[in-house]
Every structure is written in structure tokens, then in C-alpha cells.
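The following features are taken from TrEMBL:
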- 1-91: domain 'Cytochrome oxidase subunit II transmembrane region profile' (DOMAIN)
- 92-225: domain 'Cytochrome oxidase subunit II copper A binding' (DOMAIN)
- 27-51: transmembrane segment (TRANSMEM)
- 63-85: transmembrane segment (TRANSMEM)
Amino acid sequence: MAHPTQLGFQDAASPVMEELLHFHDHALMIVFLISALVLYIIIAMVSTKLTNKFILDSQEIEIVWTILPAVILVMIALPSLRILYLMDEISDPHLTIKAMGHQWYWSYEYTDYEDLNFDAYMMPTQDLTPGQFRLLETDHRVVIPVESPIRILVSAEDVLHSWAVPSMGVKMDAVPGRLNQTAIFTSRPGAYYGQCSEICGANHSFMPIVIEAVPLPQFETWSAYQLDLA
């Protein structure tokens, strides 16, 4: 959960998000080193009056400043591609959930169950209880078992939406007429908040997402209760 004055990312709640945080630190360190080198060169050029005639026309220097950026790009590209494949890999999911975007709420369907589906609207401020977050709480949470691979099918019924949960490293566009898929794997129990990340209309900022990860026995109890209600 993000908090005021927070500068970094939210704490990772999935292995993919942990990898994304590591890659962010890796890339940021490369950017810092490049920035420091460029700043040093600028200061040196401005402050010194000396001129080395071998720098003005040197094949060795041209080779270095051609090869070095290529090496740096490879150092960034390889871990980036690895994470890209990790995020795209969906193998043997234990549960499939279909998330459908509407103006302006989400509807969910647990496709492995015959009659388990619901709509998730944002909770009005006057209905919030102590401990709930304004503009982030929904009247129905998406309950999933912890430490289980979950496949999320994402689409929309009207306009473009985007199903995003930052702490899980998930952001998938919901496109009308197209079924996109992504995967989540929760490392620990808890409630994780997200929002629609596409400017989809007047109430774009009022489409929150709440995922509640619980132990498997508790999930089975919840699903049985929801089926009884249906």
C-alpha cells in the first residue's frame, strides 16, 4: 500500500514484482554512473584550459565510446527480456478469473466455478468503516488463494480500461472485443489495492481493484459461501 511522501515503489507482493524492483535498481545505477561520467566530462572541459591533441583525433577513443554504449545496452536488455518472458509465462494455473471493465466498475467471474461472479463498485466515502481507504475500497473484493498461480483474463465491454495492481507488478489493458491474459502469484496473505490505469472517461479514477489473498482453506470456505448465496 502506498503512503504519503513515498518516493519508491510499493513493497513487492509477488516474485515478478520483486524482479521488477531489482531491475529498476539495476537500471537506475547504470543511469547514475552515466550521469556522473557525463557531468565529470562537462566540468573538466569547462574548468581546464589544457588541450590534448591526441584526443581531438583518436581511433581508440572512438572505438571505446562506440563499444561501451553497446555493452551498457546489452546489460540493460538481457535482464529486461528475462523479466518480460517471466511476466508472459502462464503455466498450469490453479484458478482462472475473468475481469471485465465497465463504465465505471469491474465485474469478475471465477470461470472454474459454475455460478461464482460479482460486480465490484467503489465504496462511497460515507459507507467506509475504520481502516478502509477512500477511493480504493470496493464492495466486493477479489479473493484468491495465496501462493497459487492465478490466471487473469482481462477484457472490456465499452471503452478501454486497464487492470493494474502495482504491488503485484500487474498492468493489463482491457480492450473491447479482445481477451488479454496475465498471471499473478501472491507471496503472502493480505489486501492489495489497484485502480484502472487507462483514462476511460469521467469516472476513470473511481474504478478501484482490491485483491485479498488468503490461505487455501479460507478461500475454499469463501467460495462455498458465495456459491450458497448464488
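Cβ coordinates come from backbone N, Cα and C, glycine included.
Same-chain residues lying 6 or more positions outside the transmembrane segment (27-51) and placing a CB less than 8 Å from one of its CB atoms are 72, 75-76. Summarised as a single figure, the pLDDT of the domain 'Cytochrome oxidase subunit II copper A binding' (92-225) averages 92. Each residue in the domain 'Cytochrome oxidase subunit II copper A binding' (92-225) gets a DSSP state, and the totals come to 19 helix, 61 strand, 54 coil.
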